[in-house]
Amino acid sequence: MNAQLSALQQQAQQLSASVTRPIPGSRKIHVPGSRPDLQVPMREIALTRTPTLFGGEENAPVTVYDTSGPYTDPEVRIDLSAGLPALRRGWVEERGDTEQLEGLSSSFGRDREHDPKLDAVRFPARSLPRRARAGANVTQMHYARRGIITPEMEFVAIRENQRLDAIRDAGLLQQHPGEAFGASIQKVITPEFVRDEIARGRAVLPNNINHPESEPMIIGRNFLTKINANIGNSAVSSGIAEEVEKLVWAIRWGGDTVMDLSTGKHIHETREWIIRNSPVAIGTVPIYQALEKVDGRAEALTWEIFRDTLIEQAEQGVDYFTIHAGVLLRYVPLTAKRVTGIVSRGGSIMAKWCLAHHKENFLYTHFEDICEIMKAYDVTFSLGDGLRPGCIADANDAAQFGELETLGELTKIAWKHDVQTMIEGPGHVPMQLIKENMDKQLRECGEAPFYTLGPLTTDIAPGYDHITSAIGAAMIGWFGTAMLCYVTPKEHLGLPNRQDVRDGIMAYRIAAHAADLAKGHPGAQVRDNALSKARFEFRWEDQFHLGLDPEKAKEFHDETLPKDAHKLAHFCSMCGPHFCSMKITQDVRDYAEAGMKEKSQEFRAGGAEVYRQG
C-alpha cells in the first residue's frame, strides 16, 4: 500500500457527520423474518404524548421505509475500505446453482486488477466473483416461475408492509379510497404475491449475485413507488471519495436505487467502491464505459468490447443495466425534424454507430447474447429510451413510440430467458399527454415495470426542473409507473452537488408518496395522519420528525422561533399567537363543547323530557 492509497482511504473514511448522523427523532429497527438471517431494516419514529389540553393520550411510534443502510445507525461501525457485510451471500450460496470463479472473466477487469499504477485508487478488499453454473439460471424471475419463494422475496414483502399490522390507532389507518387504474393493489403484501408478480414480469427485484451487500427491494406498479438517484464523476468534476459520499447522501434521503453514470477517470475503480458500500441496487449504462475504451469514438464500438464491459460490470455486482437496444436504424431519420433531436447520451451513441456503419444496432442484433449474460449473474434489464423526447414539442412522436414498441418486443425475448426487465420512459411530456405514455407502455410491454425520468411538464424553468418534473412524476406514478428517476435543480445546467441531490430526492419522494396515496397503497396515509394530528396538537418536534426532511423542517421553524419554548408554543411565525387557525378551531371546539354541556344541564333540569309543552 503506497502513500497515495493511504491518503485516498483516509479521505474516503471521512464521511461527513451530516451524511452519517442518525435521522432526528427516529431509530433503526430490524423486523425479523422466518429465518435468523432475515432481518428487514426500517426506521421507527418516536412520538411524544398529546398535551393534556388535547386529551393527554400516548402516541405510538410510526414505522417507515428506510433506504439508508447502516450509515444512520450509531451502533454500527462503518469501514468503507472493507465494504458492507455480505447480507445475501449465504442465500446465494445455499441455492447451489452458482460457482465462485478463480479470477475475473473480463479482459479489461484483469488488466485493471494487475496495473500497479492503479494501486492508489483500487478498492483494497478483493473478492472473487460468482457466476451461474453451466446451464443454470439464477434470476429471481427464474425461481419465481418455478414456484420458489426466495429469502429476497420474503424480505421485500416484510419491507413493503412497514409493520402495518402493528398499528392499533384506527385514526392513523383512516385512508381515502384510491384510483389504481387497473393495478392489483393488495391490502397486505405477502411473499406469495411478490413471487407471483415477479413471475408475471410485473415486478423486478434487482439483486446481482455479486452484490450480496444489497438489501432487497422490489419495483412494480402494485408496490410502493420507488425513486432512483443518479451520481457519477465526469472528466471535469468529482472523484472516488466524493462519489462514495454522494451515494451515502442519496440513500440517506430516500434513494431506492442509485445509478452510477461516471464518464471520467477510473470508472471501474469508482464503481467498485460504490457497489461494495451500497445497501441499495446499483444501475449503470454500460455503453458509457465501452465508449471510454474506444476514446469516445462511437463508430469504433464493437460487440466484443461491449460484451466484455457487460461481464466486467456484472462481476463487480451491478444490479441493472440500461441497454439502448431499441434505437433502430429505421427510427433515426424520424428524429431529424425534432426540435431537440436525440437527447439521450446512450441513444445518440447508438444512433451514430448505426449511421456510421449503416447497420442495425448491435445491441438489438445481439440481444439474446446479452440475455445469456444477464441470467448468469441476475442482472436486470432497464431497456433504455434512447429516443425519448427532449422537449415537450417532441413528446409522443413516431420515434419515441416506435422505440417503445421495439422495447415491448425485446421484453418478450428477455422473459423467454427469465431475465427481469423494466422499461425506461420519458422525458419531456405535457400533462395532457402523460397518461397516453403510461397506457401505451402497459399495452406494448406486457405491464413490465415502467421507469421514467420525470417527465418534465414544461421547458421554461431551468434551475427548477426538479419541480417541473416532479409534477409529471406524481401523475405518471399515479397512472402506474413503478420507479421515478429523479431530476435535480441542475438538470440541463451542470452536474449536481450534494444539495442538488437532496433537493431532487425530496421532490421525488413527495411525488412518489403522492402517487401511492392516489393509488390507495395500503397504509400510505398513516404518516400523513400522524403528522396532521401532531400539527393540530402543536407537537412541533413530532411534526419535524414525521416529515420527509426533519432537518429542513426544524431549520425553517427555528429561523423565526428558535427558542426551546417555541417548540411548545401553540402558534408559529406564519400567523402568530392571535391568528392561528388551528388555535382558533380548538377554541371553537371548546366553546361548542361548553355550550353542549350547558344545554345538557338545562335538559336535565327540565325533567329530561324529550317533548315538553311550551
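Cβ atoms are placed via backbone N, Cα and C, with glycine included.
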_Listed co-binder of substrate (same site as ASN230, MET259, TYR288, SER344, ARG345, GLY346, ASP385, GLY386, LEU387, ARG388, GLU424, TYR451, source Swiss-Prot) among HIS176, HIS324, HIS492_ = HIS324
*Between ARG388, HIS428, HIS492, which of the binding-site residues has the fewest other CB atoms within 10 angstroms in the structure shown?*
HIS492
*Taking each of the binding-site residues GLY346, GLY386 in turn and counting other Cβ atoms within 10 Å of its Cβ, which one has the fewest?*
GLY346
*Using C-alpha positions only, work out which of the binding-site residues TYR288, SER344, GLY346, GLY386, TYR451 is nearest to HIS492 (Zn(2+) binding site).*
SER344
*Among ASN230, MET259, TYR288, HIS324, SER344, ARG345, GLY346, ASP385, GLY386, LEU387, ARG388, GLU424, TYR451, which the record lists as binding substrate, how far apart in Å are the two most distant Cα atoms?*
20
*Expressed to the nearest Å, what is the distance separating TYR288 (substrate binding site) and HIS428 (Zn(2+) binding site) at their Cα atoms?*
23
*Cα within 10 Å of HIS428 (Zn(2+) binding site) is the criterion; apply it to the binding-site residues ASN230, SER344, GLY346, GLY386, ARG388, TYR451 and give the hits in sequence order.*
ARG388
